[in-house]
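Asks: Grabbed the feature section from Swiss-Prot, which reads as follows:
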{"type": "ACT_SITE", "residues": "121", "note": "active site, N6-AMP-lysine intermediate"}
{"type": "BINDING", "residues": "39, 40, 41, 42, 43, 88, 89, 119, 142, 179, 295, 319", "note": "NAD(+) binding site"}
{"type": "BINDING", "residues": "416, 419, 434, 440", "note": "Zn(2+) binding site"}
{"type": "DOMAIN", "residues": "630-711", "note": "domain 'BRCT'"}
């Protein structure tokens, strides 16, 4: 709600100010890549504008940053007719094509040389944006060049598209042309998220951009990392400028991104050199390109040259070498990454793709392999983009050899191919993982770096380059070998002298003394971060309660350890021996995390490395067992969730009061929740609590519970 003292006029002024500030910050972040404020500061401005608009809904303007995303899905896309046709460009594939293009223009004009602009041809989706008096009123896809689809609601969600133009000097009606793309790094993150969620990845950034732009629900488009780069306008002469270069300068001044690298080029030789540079720099560009575009820069000269039936005479698209090629799958093999993820890889008959020889391609995971049904001997389409491992995008079924058999991951990969440890697929994950994280050679460097990290054992001076050498020379095979390193071994490494070796040995010696929480975190158990490791250490004596205190022999047996083990910490033994059901009862440990912990310690190789670490002198003060109090609080061990807005205390204060009485506060409602404390605007957690039959109390009810527990 707006401040009660704010008048309508004050609110209107503040809303206009906030719209301007937020739009300015969007421009710096999404167009210039130069953020001017922190995310928290931006969010505060955005929330303030939302509150004011909620208080004065009749003052909400269509160009407000809060109005980018429509709240409902569309039933379909209306047809939209372009003010000026969006014609194709003639294509060139050979150097002679470019020479002929330049010669035809010079002959037609009767001049010795022509000035062109050179720009990358982005591999995305072409759009036409129409602005009326500076405000975005329509966005359409290219379609057949004359008629496209109205995607205005979706395009409004793109932060690189100004809802209102910046500056001044624009005509009353302006049609802007551009290309919507997904940058390479955003595409990799998007596909990884889809794979992690068990969804089919996009074949390439162009397909991802096209699919994202044509969503019927703009809220889905808003979650996709789309960016617009502009390359011109429908009617450049309406801007009152003389060159294409000046058109692009106008667009940049009005708040748009333009493509880069953009160059002025005089003559065909300069164009050829620009094309060659683009080929060399292609992998370093943040977006995919499929060519270079050359346009006559002088707008008056363009008018003289005119158009053919399908394309302008003054522009040419020079295609770059293809990113895809056809080859044969010689074998499918599992590959173990640094985090233990096991990925099926296709070994290919070597094939050249855009100037690079490709001999392998990722098949992502078991589900994706089964969906694509790639088989050994198949002919496949392979795509390469930048430094990313090439991807198989399609199988040519017509060329499948007779007798080719499906490659079933679970049948072929029953143990880690690197170390023989068990393979685990945790519910909700798409990936299979080797559970021998402390033992597996493929994971060794990553395991050591995590073990030595600041929040783990904090071994100062043990960086990536040193770890690479230690592993390559065979000096560290398991983590305990770190504590057996000598001065001569360390001093002989690159970038290490006598003093550095002494410092690292001292850091290793200090690291022997730690805490159980840090030690558990340092082991790199999947899904176990600092908070979960601390919860495990604190709750250790509440695990394996059927085993009496002090009975380490029974705990060793339950944990799969023999009597000679160097592990003497009862708290650690209880964690190692605990079944998933016990672990799941710990705060912040759900079923997925519980199974990951139990699976980690069930792997004999991991237990062996933990044993070796304790034998090497890694130790910690034993956590104090919980005292058996004469009178136990009625809230001891009870699980609470606090949601909504409380009137007489903050949620942090409520949490502190509950924990002081022995209760615990979690962030989500489950069948293990005893009480939901519901304040105002409780929302979905209240609904879930009711569905599960969890007892719901208001703030007054919480105070009664606390009073009854002696608070």
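A Cβ is built for glycine as well, from the same backbone N, Cα and C atoms used for every other residue.
Just tell me what is around each of these and how deep it sits.
Replies: Under the DSSP three-state reduction, residue 121 (active site, N6-AMP-lysine intermediate) is assigned to strand.
The DSSP secondary structure for residue 142 (NAD(+) binding site) is coil.
Neighbours of residue 434 (Zn(2+) binding site), defined as other CB atoms within 10 A of its CB across all chains, total 29.
For the domain 'BRCT' (630-711), the model's pLDDT averages out at 79.
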Asks: When you average the Cβ positions of 416, 419, 434, 440 for the Zn(2+) site, which other residues in that chain have a Cβ within 8 Å of that mean position?
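Replies: These residues sit around the Zn(2+) site: 336, 340, 415, 417, 418, 420, 421, 435, 436, 437, 439, 441, 442, 443, 605.
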Asks: Quick one: of 89, 419, 440, which of the binding-site residues has the smallest count of other CB atoms within 10 A?
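Replies: Lowest Cβ count within 10 Å among the binding-site residues (89, 419, 440) is 89.
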Asks: Return the count of C-beta atoms lying within 10 angstroms of the C-beta of residue 295 (NAD(+) binding site), excluding that atom itself.
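Replies: So the Cβ neighbour count for residue 295 (NAD(+) binding site) comes to 21.
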Asks: Quick one: Cα separation, residue 142 (NAD(+) binding site) versus residue 416 (Zn(2+) binding site), in Å?
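Replies: With the alpha carbons as reference points, the distance is 50 Å.
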Asks: Among 121, 416, 419, 434, these being the recorded positions, pick the one whose CA is nearest to that of residue 89 (NAD(+) binding site).
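Replies: Result for residue 89 (NAD(+) binding site): the nearest of the recorded positions is 121.
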